[in-house]
Ligand code: GDP
């Protein structure tokens, strides 16, 4: 148990109400030294846990603020320690004054993430849950919030515990066999073990795979906007991003750099990648940009191909061959821009042209980026193309790079176990690989994680959490 009592401002600046957290063995008596309840009999040290007490914070004779103090007693608090939370008015002057008074009376200012670190050290949550707290604070969309919430509630931890239990059973059978190795007995039925290994492998593989889904939810569905120069890519991007980040210009080839930005459409985060226009050219800088365009296309899930509708047949003809091989397994949206400049017959001719298009699972749409027409429908099309699995708070999805790495190593270890069982290798080699698999899973929950890694994780928190 940690002996220091720590304090920190837990709310962001600028709100009407501010909150200061105090945690540690002296949390209650230090708070009492600066707080006088309105009703004299309601002294904090005598109060029951989970109560609110109304009163004033004093600096000597001077009243600093009228506040409410919430009280928690060990082990039933966020950190597992005695804690108080002082809710006062949100002025940064008041918050600073209260903080100073607490420090003067024996508290120490908390390090970033120290409250959550104490919760972890006191067994209130495992490391994967503690990390989810940081994600929860950082969540900006409904989907990232749902992900972090599910992890904090411990769905992931439960899967890990189940896996580790299965693996421990596995090793104990093998190790029992090793103890009796002289007598050449096989306690562990090899085919039953293989079945067990297969079922463990399935769960780990699913978790490793879920990282891709988690990653897309967290960082956005990558959409590459491609097309010939002057098709209107930058103009569209500006409309989607609602700002003038990309350069719009009449001179061919101005969008030389790849610009990325995220935007939230219907609750889904999209990461738009505007690319250099594709055009045969001798300009080396522009050629470099074009090369990068194709690299970006390979990373995208959705390809938004902008075509200048006034020049559609030649633009389709010009790019199809180069582009389509890169579109395998991706969602392709043909976006005919500048529809304000074409007549109805031209539109029909383009639609007719599409009936012979070599790729079948495509969407197409006419828009005018300049006049903002059709862009709402395009956004709807993007939302449908993203077809993210709807996740619930009960789904276990891995979003953290550290967890993903540990799971990938666990997967490699269990693959070696499966291979070993198939090749009938001796028990001690099997036991070693199983132990390695357990080690990596335990790393996620923080059971074998070294201090340096721990420090690193909690450092990324904000102070007060
Ligand atoms: P990019 O090279 O593909 O990024 O193309 P830009 O976005 O820079 O646009 C090239 C030119 O086309 C600019 O002059 C735009 O104003 C113009 N443009 C873009 N979209 C439209 C549109 O929907 N209608 C019309 N008439 N002009 C457009």
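Including glycine, each Cβ sits where the backbone N, Cα and C put it.
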Legend entry - According to TrEMBL, which candidate in 41, 85, 159, 436 joins 21, 124, 465 at the (6S)-5-formyl-5,6,7,8-tetrahydrofolate site: 85
Inset, instruction - Between the Cα atoms of residue 230 (K(+) binding site) and residue 465 ((6S)-5-formyl-5,6,7,8-tetrahydrofolate binding site), find the distance and write it as a whole number of Å. - result: 49
Legend entry - 21, 85, 124, 465 screened against residue 234 (Mg(2+) binding site), Cα within 10 Å - retained binding-site residues: none
Inset, instruction - Using C-alpha atoms only, work out the spacing between residue 85 ((6S)-5-formyl-5,6,7,8-tetrahydrofolate binding site) and residue 233 (GTP binding site) and round it to an integer in Å. - result: 52
Legend entry - Distance-selected binding-site residues near ligand 1 (C-beta under 6 Å), from 21, 85, 124, 465: none
Inset, instruction - Looking only at the domain 'TrmE-type G' (220-387), report the model's average pLDDT. - result: 79
Inset, instruction - Compute the C-alpha separation of residue 233 (GTP binding site) from residue 21 ((6S)-5-formyl-5,6,7,8-tetrahydrofolate binding site), stating it in Å without decimals. - result: 50
Inset, instruction - With H, G and I counted as helix, E and B as strand and the rest as coil, say where DSSP puts residue 124 ((6S)-5-formyl-5,6,7,8-tetrahydrofolate binding site). - result: coil
